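Encoded as structure tokens, the structure appears first; notes follow it.
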């Protein structure tokens, strides 16, 4: 476990109007909570997209013809890392605002809590976590619960939120 201050560069871009979206500072807080104790320096990008862009990306990269809530693209860096790279590049997270809003409403969650959960989820993917089988999924979900609890956010996997 890595302790100490985190140096974090989170670039956020929007592919749609920013209405009803969390502030950039919120995304940075959620990423920092995920990285705490795991990594001290990181550079990543978060892009908030509409359904059309979300669907196109999901089709292009996963061959699934629908928009999904979050996609993570871990950075593919050469080994050894270039000396000029002072902050490790983690990768990119793409979040589809209409899907996230729809899911939050269907699940009775606050929009902010759902964005927090999916930001944590996407960041964990950038760190190498997956949910390809039940064991991996259980471990990842437990870690998400712990991180979100530290942020004061309820268990996102409860049936009633």
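Using N, Cα and C of the backbone, Cβ positions are placed for all residues, glycine too.
Annotation source Swiss-Prot lists Zn(2+) binding site at 121, 125, 131.
Overlay of Swiss-Prot annotations on the structure.
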| residue | record | Cβ neighbours (10 Å) |
| --- | --- | --- |
| 121 | Zn(2+) binding site | 24 |
| 125 | Zn(2+) binding site | 20 |
| 131 | Zn(2+) binding site | 15 |
Under a three-state DSSP reduction, the secondary structure at residue 131 (Zn(2+) binding site) is coil
Additional residues around Zn(2+), ordered along the sequence, whose Cβ is within 8 Å of the centroid of 121, 125, 131:
70, 72, 122, 124, 129, 130, 140, 144
